[in-house]
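In TrEMBL this protein carries:
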SIGNAL    1-17  signal peptide
DOMAIN    4-348  domain 'FAD dependent oxidoreductase'
BINDING   T44, S45  FAD binding site
BINDING   Y242, R305, G332  D-dopa binding site
Amino acid sequence: MPTIVVLGAGVSGLTCALLLAKQKGNTVTVVAKHMPGDYDIEYTSPWAGANVLPMNLEKDSRWERRTWPEMRRLAAEVPEAGLHFQTARVLRRKVDVEAGLKSALADGLFQLSPWYREVMDNFRELPASELPPGMHSGAEFTSVCINTAIYLPWLVGQCARHGVVFRRAVLKHISEAARMSHTGRRADVVVNASGLLACRLGGVMDAKVQPARGQIVLVRNEAAGVMPTTSGCDDGDDEVVYVMQRAHGGGTILGGTYQKGNWEANPDPNVAVRIMKRAVETHPELTGGKGIEALDIIRHGVGLRPWREGGVRLEKELIDGTWVVHNYGHAGWGYQGSYGCAERVVELVDEIVGRTKCESKL
Ligand SMILES: Cc1cc2nc3c(=O)[nH]c(=O)nc-3n(C[C@H](O)[C@H](O)[C@H](O)COP(=O)(O)OP(=O)(O)OC[C@H]3O[C@@H](n4cnc5c(N)ncnc54)[C@H](O)[C@@H]3O)c2cc1C
(Lines of atoms letter the chains of each structure in order from A; the text may use other names.)
(Lines give C-alpha, C1' and ligand atoms only; values in the text may rest on other atoms or scores of the structure.)
Protein backbone atom coordinates (compact mmCIF):
# COMPACT_ATOMS: atom_id res chain seq x y z
CA MET A 1 0.00 0.00 0.00
CA PRO A 2 2.23 2.88 -1.23
CA THR A 3 2.18 5.98 0.97
CA ILE A 4 2.53 9.17 -1.04
CA VAL A 5 2.84 12.79 0.03
CA VAL A 6 2.27 15.51 -2.58
CA LEU A 7 3.83 18.85 -1.75
CA GLY A 8 1.74 21.60 -3.35
CA ALA A 9 -1.95 22.33 -3.95
CA GLY A 10 -1.72 24.25 -7.23
CA VAL A 11 -3.03 22.73 -10.43
CA SER A 12 0.09 20.51 -10.68
CA GLY A 13 -0.09 19.04 -7.17
CA LEU A 14 -3.88 18.60 -7.20
CA THR A 15 -3.90 16.84 -10.58
CA CYS A 16 -1.08 14.50 -9.48
CA ALA A 17 -2.89 13.77 -6.21
CA LEU A 18 -6.10 12.96 -8.11
CA LEU A 19 -4.49 10.55 -10.58
CA LEU A 20 -2.43 8.89 -7.83
CA ALA A 21 -5.48 8.51 -5.58
CA LYS A 22 -7.49 6.94 -8.42
CA GLN A 23 -4.89 4.21 -8.61
CA LYS A 24 -5.74 1.25 -6.41
CA GLY A 25 -3.78 0.93 -3.18
CA ASN A 26 -2.22 4.40 -2.98
CA THR A 27 -2.67 6.51 0.15
CA VAL A 28 -2.26 10.19 -0.72
CA THR A 29 -1.74 13.25 1.48
CA VAL A 30 -1.44 16.78 0.05
CA VAL A 31 0.65 19.23 2.08
CA ALA A 32 0.63 22.91 1.12
CA LYS A 33 1.27 26.41 2.35
CA HIS A 34 -1.44 27.75 0.00
CA MET A 35 -4.74 26.14 -0.95
CA PRO A 36 -7.54 26.99 -3.41
CA GLY A 37 -9.33 30.05 -2.05
CA ASP A 38 -6.04 31.83 -1.25
CA TYR A 39 -4.75 34.69 -3.41
CA ASP A 40 -1.03 35.11 -2.81
CA ILE A 41 1.88 36.14 -4.99
CA GLU A 42 3.69 32.87 -4.05
CA TYR A 43 0.74 30.81 -5.36
CA THR A 44 0.39 30.95 -9.14
CA SER A 45 -2.59 28.78 -10.04
CA PRO A 46 -5.50 31.08 -9.02
CA TRP A 47 -4.13 33.92 -11.18
CA ALA A 48 -4.15 32.04 -14.47
CA GLY A 49 -6.74 32.87 -17.17
CA ALA A 50 -6.77 30.07 -17.98
CA ASN A 51 -7.15 28.58 -21.42
CA VAL A 52 -5.53 26.03 -23.73
CA LEU A 53 -3.12 27.57 -26.24
CA PRO A 54 -0.41 24.93 -26.92
CA MET A 55 2.95 26.49 -26.08
CA ASN A 56 5.65 23.84 -26.23
CA LEU A 57 7.67 22.87 -29.27
CA GLU A 58 6.81 19.50 -30.84
CA LYS A 59 9.66 17.72 -29.03
CA ASP A 60 8.05 18.59 -25.67
CA SER A 61 4.44 18.31 -26.83
CA ARG A 62 3.57 15.13 -24.88
CA TRP A 63 2.25 17.02 -21.84
CA GLU A 64 -0.18 19.21 -23.78
CA ARG A 65 -1.17 16.47 -26.24
CA ARG A 66 -2.13 14.15 -23.40
CA THR A 67 -4.02 16.85 -21.48
CA TRP A 68 -6.31 18.12 -24.24
CA PRO A 69 -8.66 15.06 -24.35
CA GLU A 70 -9.36 15.42 -20.64
CA MET A 71 -9.93 19.19 -20.87
CA ARG A 72 -12.33 18.56 -23.75
CA ARG A 73 -14.16 15.87 -21.74
CA LEU A 74 -14.50 18.15 -18.71
CA ALA A 75 -15.89 21.01 -20.85
CA ALA A 76 -18.35 18.68 -22.60
CA GLU A 77 -19.50 16.48 -19.74
CA VAL A 78 -18.67 18.04 -16.35
CA PRO A 79 -20.13 21.57 -16.14
CA GLU A 80 -19.41 21.83 -12.40
CA ALA A 81 -15.65 21.74 -13.17
CA GLY A 82 -15.88 25.31 -14.52
CA LEU A 83 -14.64 24.92 -18.12
CA HIS A 84 -16.39 25.97 -21.31
CA PHE A 85 -15.55 25.70 -24.99
CA GLN A 86 -14.28 28.85 -26.68
CA THR A 87 -12.61 29.41 -30.05
CA ALA A 88 -8.91 30.23 -29.82
CA ARG A 89 -7.61 32.66 -32.45
CA VAL A 90 -3.83 32.84 -32.84
CA LEU A 91 -2.65 35.84 -34.86
CA ARG A 92 0.89 36.17 -36.25
CA ARG A 93 1.90 39.77 -36.88
CA LYS A 94 3.90 40.59 -40.03
CA VAL A 95 6.68 42.24 -37.97
CA ASP A 96 7.01 39.19 -35.71
CA VAL A 97 7.13 36.74 -38.63
CA GLU A 98 9.85 38.86 -40.26
CA ALA A 99 11.77 38.84 -36.94
CA GLY A 100 11.57 35.02 -36.67
CA LEU A 101 8.46 34.68 -34.42
CA LYS A 102 10.20 34.78 -31.04
CA SER A 103 7.18 35.42 -28.80
CA ALA A 104 7.72 36.01 -25.07
CA LEU A 105 4.59 33.98 -24.33
CA ALA A 106 5.40 30.68 -26.01
CA ASP A 107 7.92 28.80 -28.18
CA GLY A 108 5.42 26.74 -30.16
CA LEU A 109 2.14 28.67 -30.25
CA PHE A 110 2.77 30.99 -33.18
CA GLN A 111 4.64 28.58 -35.49
CA LEU A 112 3.50 28.74 -39.09
CA SER A 113 2.72 25.03 -39.29
CA PRO A 114 2.32 24.03 -35.64
CA TRP A 115 2.30 20.41 -34.36
CA TYR A 116 -1.01 21.03 -32.61
CA ARG A 117 -2.91 21.44 -35.90
CA GLU A 118 -3.34 17.65 -35.74
CA VAL A 119 -4.43 17.70 -32.09
CA MET A 120 -6.80 20.62 -31.55
CA ASP A 121 -10.34 20.21 -32.91
CA ASN A 122 -11.53 22.27 -35.88
CA PHE A 123 -8.09 23.75 -36.59
CA ARG A 124 -8.12 26.03 -39.63
CA GLU A 125 -5.78 28.63 -41.07
CA LEU A 126 -7.58 31.95 -41.48
CA PRO A 127 -8.07 33.29 -45.02
CA ALA A 128 -6.58 36.75 -45.69
CA SER A 129 -10.10 38.21 -45.67
CA GLU A 130 -10.46 37.35 -41.96
CA LEU A 131 -7.12 38.82 -40.82
CA PRO A 132 -6.98 42.15 -38.95
CA PRO A 133 -4.60 44.79 -40.39
CA GLY A 134 -0.89 44.12 -39.82
CA MET A 135 -1.27 40.35 -39.57
CA HIS A 136 0.80 37.95 -41.64
CA SER A 137 -1.48 34.97 -40.91
CA GLY A 138 -3.55 33.34 -38.24
CA ALA A 139 -5.35 30.20 -37.18
CA GLU A 140 -8.41 29.18 -35.20
CA PHE A 141 -9.28 26.04 -33.27
CA THR A 142 -11.62 24.84 -30.56
CA SER A 143 -10.21 25.37 -27.09
CA VAL A 144 -11.52 25.85 -23.55
CA CYS A 145 -11.41 28.59 -20.97
CA ILE A 146 -11.09 27.41 -17.38
CA ASN A 147 -12.58 29.40 -14.53
CA THR A 148 -9.78 28.68 -12.06
CA ALA A 149 -11.86 29.95 -9.11
CA ILE A 150 -14.20 27.01 -9.78
CA TYR A 151 -11.79 24.44 -11.21
CA LEU A 152 -9.26 24.38 -8.34
CA PRO A 153 -11.90 23.78 -5.61
CA TRP A 154 -13.50 21.19 -7.91
CA LEU A 155 -10.15 19.37 -8.06
CA VAL A 156 -9.96 19.46 -4.24
CA GLY A 157 -13.42 17.90 -4.10
CA GLN A 158 -12.47 15.17 -6.58
CA CYS A 159 -9.34 14.39 -4.55
CA ALA A 160 -11.34 14.23 -1.31
CA ARG A 161 -13.81 11.84 -2.96
CA HIS A 162 -10.90 9.54 -3.73
CA GLY A 163 -9.60 9.61 -0.17
CA VAL A 164 -6.91 12.30 -0.39
CA VAL A 165 -6.28 14.09 2.92
CA PHE A 166 -5.18 17.76 2.91
CA ARG A 167 -2.82 19.36 5.43
CA ARG A 168 -1.59 22.95 5.70
CA ALA A 169 2.10 23.32 6.47
CA VAL A 170 5.13 25.32 5.40
CA LEU A 171 8.15 23.13 4.74
CA LYS A 172 11.71 24.37 4.89
CA HIS A 173 13.17 21.22 3.33
CA ILE A 174 11.65 18.71 0.91
CA SER A 175 12.67 15.79 3.16
CA GLU A 176 10.20 17.03 5.84
CA ALA A 177 7.38 15.94 3.52
CA ALA A 178 8.22 12.27 4.04
CA ARG A 179 6.97 12.57 7.65
CA MET A 180 3.72 14.38 6.75
CA SER A 181 1.47 11.49 5.66
CA HIS A 182 -1.86 11.51 7.53
CA THR A 183 -1.38 7.75 8.06
CA GLY A 184 1.58 8.33 10.37
CA ARG A 185 3.67 6.11 8.09
CA ARG A 186 6.82 7.37 6.41
CA ALA A 187 6.11 8.21 2.77
CA ASP A 188 7.44 5.84 0.10
CA VAL A 189 7.40 8.71 -2.39
CA VAL A 190 7.16 12.50 -2.18
CA VAL A 191 5.86 14.41 -5.21
CA ASN A 192 7.36 17.88 -5.42
CA ALA A 193 4.81 20.21 -7.05
CA SER A 194 6.05 23.37 -5.34
CA GLY A 195 5.91 25.58 -8.46
CA LEU A 196 7.91 28.79 -8.31
CA LEU A 197 8.97 28.14 -4.70
CA ALA A 198 11.13 25.22 -5.90
CA CYS A 199 13.84 27.88 -6.15
CA ARG A 200 13.72 28.40 -2.34
CA LEU A 201 12.85 24.94 -1.02
CA GLY A 202 15.64 23.21 0.94
CA GLY A 203 16.96 20.10 -0.81
CA VAL A 204 15.80 21.46 -4.18
CA MET A 205 16.93 25.13 -4.42
CA ASP A 206 16.58 25.10 -8.21
CA ALA A 207 18.40 28.18 -9.48
CA LYS A 208 16.98 27.59 -12.96
CA VAL A 209 13.50 28.60 -11.72
CA GLN A 210 12.41 32.23 -11.84
CA PRO A 211 9.14 34.14 -12.20
CA ALA A 212 7.64 35.19 -15.50
CA ARG A 213 5.38 37.91 -14.14
CA GLY A 214 1.87 38.10 -15.54
CA GLN A 215 -0.26 41.15 -14.88
CA ILE A 216 -3.97 40.94 -15.73
CA VAL A 217 -7.21 42.92 -15.46
CA LEU A 218 -10.43 41.03 -14.69
CA VAL A 219 -13.56 42.80 -15.95
CA ARG A 220 -17.32 42.24 -15.96
CA ASN A 221 -17.59 43.14 -19.67
CA GLU A 222 -18.33 40.17 -21.88
CA ALA A 223 -16.32 38.86 -24.83
CA ALA A 224 -17.66 35.37 -25.21
CA GLY A 225 -16.87 33.02 -28.04
CA VAL A 226 -13.44 33.94 -29.33
CA MET A 227 -10.13 34.17 -27.43
CA PRO A 228 -7.66 36.10 -29.59
CA THR A 229 -3.94 36.27 -28.89
CA THR A 230 -1.22 37.92 -30.96
CA SER A 231 2.44 37.02 -31.44
CA GLY A 232 3.65 40.34 -30.02
CA CYS A 233 2.68 43.93 -29.39
CA ASP A 234 4.07 47.40 -29.95
CA ASP A 235 4.25 48.11 -26.20
CA GLY A 236 7.37 45.99 -25.66
CA ASP A 237 8.81 42.49 -25.89
CA ASP A 238 7.60 41.51 -22.42
CA GLU A 239 3.99 42.57 -22.99
CA VAL A 240 1.45 40.25 -24.58
CA VAL A 241 -2.14 40.41 -25.79
CA TYR A 242 -4.90 37.99 -24.88
CA VAL A 243 -8.57 38.10 -23.91
CA MET A 244 -10.74 35.27 -22.55
CA GLN A 245 -14.13 35.05 -20.92
CA ARG A 246 -14.30 32.58 -18.04
CA ALA A 247 -17.16 30.10 -17.64
CA HIS A 248 -20.09 30.51 -15.24
CA GLY A 249 -19.93 34.29 -14.67
CA GLY A 250 -16.19 34.34 -13.93
CA GLY A 251 -15.64 37.62 -15.82
CA THR A 252 -13.24 38.31 -18.68
CA ILE A 253 -9.47 38.21 -18.28
CA LEU A 254 -7.47 40.84 -20.15
CA GLY A 255 -3.75 40.12 -20.45
CA GLY A 256 -1.00 40.70 -20.02
CA THR A 257 2.70 40.63 -19.46
CA TYR A 258 5.50 38.02 -19.49
CA GLN A 259 8.28 39.63 -17.46
CA LYS A 260 11.06 37.19 -16.65
CA GLY A 261 12.88 37.69 -13.35
CA ASN A 262 10.33 40.24 -12.06
CA TRP A 263 8.97 39.43 -8.56
CA GLU A 264 6.82 42.60 -8.20
CA ALA A 265 3.50 41.63 -6.59
CA ASN A 266 1.68 44.93 -7.10
CA PRO A 267 -0.07 45.75 -10.39
CA ASP A 268 1.64 48.57 -12.32
CA PRO A 269 -1.06 51.15 -13.22
CA ASN A 270 0.68 52.15 -16.46
CA VAL A 271 0.83 48.53 -17.58
CA ALA A 272 -2.84 48.11 -16.62
CA VAL A 273 -3.84 51.00 -18.90
CA ARG A 274 -1.87 49.50 -21.79
CA ILE A 275 -3.47 46.08 -21.23
CA MET A 276 -6.96 47.60 -21.30
CA LYS A 277 -6.23 49.72 -24.38
CA ARG A 278 -4.94 46.72 -26.30
CA ALA A 279 -7.94 44.63 -25.24
CA VAL A 280 -10.55 47.12 -26.45
CA GLU A 281 -8.62 47.51 -29.71
CA THR A 282 -8.57 43.77 -30.45
CA HIS A 283 -12.05 43.22 -28.93
CA PRO A 284 -14.14 46.39 -29.51
CA GLU A 285 -17.32 44.53 -28.48
CA LEU A 286 -16.01 44.58 -24.87
CA THR A 287 -17.17 48.16 -24.51
CA GLY A 288 -19.26 48.66 -27.65
CA GLY A 289 -16.52 50.89 -29.08
CA LYS A 290 -16.59 53.23 -26.04
CA GLY A 291 -12.94 52.73 -25.03
CA ILE A 292 -11.42 51.68 -21.72
CA GLU A 293 -13.56 54.06 -19.66
CA ALA A 294 -16.46 51.68 -20.23
CA LEU A 295 -14.59 48.69 -18.77
CA ASP A 296 -16.12 47.55 -15.47
CA ILE A 297 -13.15 46.31 -13.43
CA ILE A 298 -13.50 43.49 -10.90
CA ARG A 299 -9.83 43.51 -9.94
CA HIS A 300 -6.27 43.98 -11.10
CA GLY A 301 -4.00 41.01 -10.53
CA VAL A 302 -0.45 39.73 -10.74
CA GLY A 303 0.64 36.11 -10.88
CA LEU A 304 4.15 34.72 -11.22
CA ARG A 305 4.48 31.90 -13.75
CA PRO A 306 7.03 29.28 -12.64
CA TRP A 307 9.43 29.60 -15.59
CA ARG A 308 12.39 27.20 -15.70
CA GLU A 309 15.45 27.41 -17.91
CA GLY A 310 15.50 24.21 -19.99
CA GLY A 311 11.82 23.50 -19.33
CA VAL A 312 9.73 21.57 -16.84
CA ARG A 313 11.46 19.26 -14.33
CA LEU A 314 9.77 15.87 -14.39
CA GLU A 315 12.09 13.24 -12.94
CA LYS A 316 12.82 11.17 -9.84
CA GLU A 317 15.62 11.81 -7.37
CA LEU A 318 16.69 10.17 -4.10
CA ILE A 319 16.98 12.92 -1.45
CA ASP A 320 18.07 12.02 2.11
CA GLY A 321 16.86 8.43 1.63
CA THR A 322 13.41 9.37 0.24
CA TRP A 323 12.34 9.12 -3.39
CA VAL A 324 11.13 12.46 -4.71
CA VAL A 325 9.31 12.87 -8.03
CA HIS A 326 9.68 16.45 -9.23
CA ASN A 327 6.91 18.12 -11.24
CA TYR A 328 7.49 21.87 -11.40
CA GLY A 329 8.50 24.64 -13.79
CA HIS A 330 5.46 24.73 -16.11
CA ALA A 331 5.73 28.44 -16.91
CA GLY A 332 2.55 29.52 -18.78
CA TRP A 333 1.13 26.05 -19.53
CA GLY A 334 0.51 24.48 -16.12
CA TYR A 335 -3.21 23.86 -16.74
CA GLN A 336 -3.01 22.79 -20.36
CA GLY A 337 -0.22 20.31 -19.51
CA SER A 338 -1.54 19.22 -16.12
CA TYR A 339 -2.90 15.75 -16.96
CA GLY A 340 0.00 14.83 -19.25
CA CYS A 341 2.52 15.72 -16.54
CA ALA A 342 0.53 14.02 -13.79
CA GLU A 343 0.37 10.86 -15.91
CA ARG A 344 4.20 10.89 -16.09
CA VAL A 345 4.33 11.38 -12.30
CA VAL A 346 2.17 8.25 -11.88
CA GLU A 347 4.58 6.32 -14.14
CA LEU A 348 7.59 7.45 -12.09
CA VAL A 349 5.87 6.62 -8.79
CA ASP A 350 5.05 3.16 -10.19
CA GLU A 351 8.69 2.63 -11.12
CA ILE A 352 9.72 3.54 -7.58
CA VAL A 353 7.19 1.32 -5.81
CA GLY A 354 7.80 -1.51 -8.27
CA ARG A 355 4.53 -1.58 -10.21
CA THR A 356 4.93 -2.25 -13.90
CA LYS A 357 1.44 -1.60 -15.23
CA CYS A 358 -0.01 1.89 -15.14
CA GLU A 359 -3.56 1.48 -13.78
CA SER A 360 -4.37 5.16 -13.51
CA LYS A 361 -7.51 6.42 -15.15
CA LEU A 362 -7.88 10.03 -16.25
C1 LIG B 1 -1.34 35.62 -15.55
C2 LIG B 1 -1.16 34.14 -15.78
C3 LIG B 1 -1.83 33.52 -16.83
C4 LIG B 1 -1.71 32.16 -17.04
N5 LIG B 1 -2.44 31.58 -18.05
C6 LIG B 1 -2.37 30.25 -18.23
C7 LIG B 1 -3.17 29.62 -19.22
O8 LIG B 1 -3.95 30.27 -19.90
N9 LIG B 1 -3.07 28.28 -19.37
C10 LIG B 1 -2.23 27.52 -18.60
O11 LIG B 1 -2.18 26.30 -18.79
N12 LIG B 1 -1.44 28.11 -17.66
C13 LIG B 1 -1.49 29.43 -17.47
N14 LIG B 1 -0.70 30.03 -16.52
C15 LIG B 1 0.34 29.23 -15.87
C16 LIG B 1 -0.19 28.40 -14.72
O17 LIG B 1 -0.96 29.22 -13.88
C18 LIG B 1 0.99 27.78 -13.94
O19 LIG B 1 1.82 27.05 -14.83
C20 LIG B 1 0.47 26.85 -12.86
O21 LIG B 1 -0.51 27.49 -12.09
C22 LIG B 1 1.59 26.35 -11.96
O23 LIG B 1 0.97 25.52 -11.01
P24 LIG B 1 1.78 24.78 -9.87
O25 LIG B 1 0.83 23.87 -9.20
O26 LIG B 1 3.01 24.16 -10.46
O27 LIG B 1 2.27 25.94 -8.89
P28 LIG B 1 1.41 26.81 -7.81
O29 LIG B 1 0.04 27.03 -8.27
O30 LIG B 1 2.24 27.99 -7.47
O31 LIG B 1 1.33 25.86 -6.54
C32 LIG B 1 2.47 25.59 -5.75
C33 LIG B 1 2.00 24.91 -4.47
O34 LIG B 1 3.16 24.51 -3.71
C35 LIG B 1 3.02 24.97 -2.38
N36 LIG B 1 4.36 25.14 -1.79
C37 LIG B 1 5.47 25.59 -2.42
N38 LIG B 1 6.52 25.59 -1.56
C39 LIG B 1 6.04 25.13 -0.38
C40 LIG B 1 6.62 24.89 0.90
N41 LIG B 1 7.91 25.12 1.13
N42 LIG B 1 5.83 24.40 1.89
C43 LIG B 1 4.52 24.15 1.67
N44 LIG B 1 3.91 24.36 0.49
C45 LIG B 1 4.67 24.84 -0.54
C46 LIG B 1 2.25 26.27 -2.52
O47 LIG B 1 1.70 26.67 -1.28
C48 LIG B 1 1.21 25.85 -3.56
O49 LIG B 1 0.17 25.13 -2.92
C50 LIG B 1 -0.83 31.39 -16.24
C51 LIG B 1 -0.16 32.00 -15.19
C52 LIG B 1 -0.33 33.37 -14.97
C53 LIG B 1 0.39 33.99 -13.81
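The backbone N, Cα and C atoms fix where each Cβ goes, glycine too.
Annotated features taken from TrEMBL, shown on the structure.
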residue: T44; record: FAD binding site; CB count, 10 Å: 26
residue: S45; record: FAD binding site; CB count, 10 Å: 26
residue: Y242; record: D-dopa binding site; CB count, 10 Å: 24
residue: R305; record: D-dopa binding site; CB count, 10 Å: 25
residue: G332; record: D-dopa binding site; CB count, 10 Å: 26
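Spacing of R305 (D-dopa binding site) relative to T44 (FAD binding site) is 6 Å (Cα to Cα, whole number).
In the three-state DSSP reading, S45 (FAD binding site) counts as helix. Looking at the residues that bind D-dopa per the record, Y242, R305, G332, the two CA atoms farthest apart are separated by 16 Å. Here the Cα atom of G332 (D-dopa binding site) is found 10 Å from that of S45 (FAD binding site).
In sequence order, A48, G49, L105, A106, A212, G214, V240, G255, G256, Y258, A331, W333 are the same-chain residues whose CB sits within 8 A of the CB centroid of Y242, R305, G332, the residues recorded for D-dopa being left out. Rounded to a whole value, the Cα-Cα separation of Y242 (D-dopa binding site) and S45 (FAD binding site) is 18 Å.
Confidence in the domain 'FAD dependent oxidoreductase' (4-348), given as mean pLDDT, stands at 96.
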